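As written in Swiss-Prot, here are the features:
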type	residues	note
COMPBIAS	505-514	compositional bias 'Pro residues'
DISULFID	Cys71-Cys74	disulfide bond
DISULFID	Cys418-Cys421	disulfide bond
DOMAIN	367-496	domain 'Thioredoxin 2'
CARBOHYD	Asn127	N-linked glycosylation site
CARBOHYD	Asn284	N-linked glycosylation site
CARBOHYD	Asn516	N-linked glycosylation site
MOTIF	522-525	motif 'Prevents secretion from ER'
SIGNAL	1-21	signal peptide
SITE	Arg138	site 'Lowers pKa of C-terminal Cys of first active site'
Amino acid sequence: MSRQLLPVLLLLLLRASCPWGQEQGARSPSEEPPEEEIPKEDGILVLSRHTLGLALREHPALLVEFYAPWCGHCQALAPEYSKAAAVLAAESMVVTLAKVDGPAQRELAEEFGVTEYPTLKFFRNGNRTHPEEYTGPRDAEGIAEWLRRRVGPSAMRLEDEAAAQALIGGRDLVVIGFFQDLQDEDVATFLALAQDALDMTFGLTDRPRLFQQFGLTKDTVVLFKKFDEGRADFPVDEELGLDLGDLSRFLVTHSMRLVTEFNSQTSAKIFAARILNHLLLFVNQTLAAHRELLAGFGEAAPRFRGQVLFVVVDVAADNEHVLQYFGLKAEAAPTLRLVNLETTKKYAPVDGGPVTAASITAFCHAVLNGQVKPYLLSQEIPPDWDQRPVKTLVGKNFEQVAFDETKNVFVKFYAPWCTHCKEMAPAWEALAEKYQDHEDIIIAELDATANELDAFAVHGFPTLKYFPAGPGRKVIEYKSTRDLETFSKFLDNGGVLPTEEPPEEPAAPFPEPPANSTMGSKEEL
């Protein structure tokens, strides 16, 4: 009898030793709960860590926005994102839009390396490990077009002249790839570029008759446009093949008008053009005499295509920020300025004569050949610049004061709008008062938005630099805590701090022209 009971007793002991709730069929704490039905808001799937897997299985093309409820950029994107979903649904496109609350779904945010909001990722065919980063615009049509070119063909297949002419006639910018073999790897390069060049429409053909009708004998990418020259050809190198970077630069350069007016609609494309030299003609377009200058400006432009971008700035429009950047008043128009975006150096005509095609051409050649010195912005020296504890420096007196070999000069480079600068202002004033009786120490400040220096450029605010007495034009950048005690310790130690001092405080970046990315600003975590 005891032998018969032994297996039963062993079974009871095993059950008793299991953790509570681990009976057969129970779920361990580490297991995922069963997948839920995925809710929707305004046509957008609302995902969690429990439903992402289901969404990936059910939707072969899935764009997911990682957002934060407090993020202003996310709030601005939300209505456009919903509109894009509605547009694509109306077209019966096989693509789905979804969103994830990043702070609430921290595991997902960490899994996909989300460090700023909004971040959008595109998943294909359920592949969870290698999503594509979204790099397109933030408006509804831009989002929709970015997705169309990924779930559908990025270029239209053209079989005859009627189809080609219909495509060319229907858009301002049309790019057609003429390839004798559509299986060639150059075609894959062409289609890859077509996915992201959303401001152009792309076509593709291998028809010999179309080669003949457009005067081509070998593989060529042709840009058709309804302005300027009307057409620009990019022959494919028979030995090296089609280079994505070279083709991209060609299309960006030749898709720009020879003369572009600066405004809110064109500014992003101007800065994304990858042409470093920009020649700006400042005119008042309400005046007939100024408008007459545009013809000569346009006449000079073709010979500098790809080297210099010709831009018209209307001083009668909302362009005060452009005038300020060049240190100009509206009354200075008509006038020319050239800026190199890489070095930020600015140039002005030396003679200041009339603006003609000849004078514009000569000015451009002189700058490109290094025959014109750049000019630096500077405010006028205030009469009382040295009367307060904090001395006021401008471009015109900076060198004389900062590199005085008999003085130790501590300078704050600031921007009037900078919050960090305003927060540290009381400490800087207190520092100046503390050391105002030290004849060999000067505490100063310089508005770096209105004054430029030949010695170095300022890239963030506030930037603090110490210029010790003595020869050699030595410069020490201060990167520690911005308070009176630490400032004083720094000065008393001759421009050095003990190693235990806390790390540097952040600086607000100097405003830059819009970058090539079309996603715009994001908010970091």
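Placed from the backbone N, Cα and C atoms, the Cβ positions cover glycine too.
For the pair Cys74 (disulfide bond) and Arg138 (site 'Lowers pKa of C-terminal Cys of first active site'), the C-alpha distance works out to 10 angstrom. Closest to Arg138 (site 'Lowers pKa of C-terminal Cys of first active site') in space, going by CA atoms and restricting to the recorded positions Asn284, Cys418, Cys421, is Cys418. Asn127 (N-linked glycosylation site) sits 44 Å from Cys418 (disulfide bond), taking the CA atoms of both as reference points.
On the 0 to 100 pLDDT scale, the model's mean across the motif 'Prevents secretion from ER' (522-525) is 50. Every protein chain shown contributes to the tally, and the Cβ of Cys71 (disulfide bond) ends up with 21 other Cβ atoms within 10 Å. For Cys71 (disulfide bond), the nearest neighbour among the recorded positions Asn284, Cys418, Cys421, judged by Cα separation, is Cys418. Spatially close to Asn284 (N-linked glycosylation site) yet at least six residues away along the chain are His290, Asp314, Val315, Ala316, Ala330, Ala333, Pro334, judged by Cβ distances under 8 angstroms. Within the domain 'Thioredoxin 2' (367-496), the DSSP-based counts of helix, strand and coil residues read 35 helix, 29 strand, 66 coil. All protein chains shown were included, and the count of other CB atoms within 10 Å of the CB of Cys421 (disulfide bond) stands at 23. The local packing around Cys418 (disulfide bond), expressed as other Cβ atoms within 10 Å of its Cβ over all shown chains, amounts to 20. In three-state terms derived from DSSP, Cys71 (disulfide bond) belongs to neither a helical nor a strand segment and is classed as coil. If you draw a 10 Å sphere around the CB of Asn127 (N-linked glycosylation site), it holds 12 other CB atoms from the protein chains shown.
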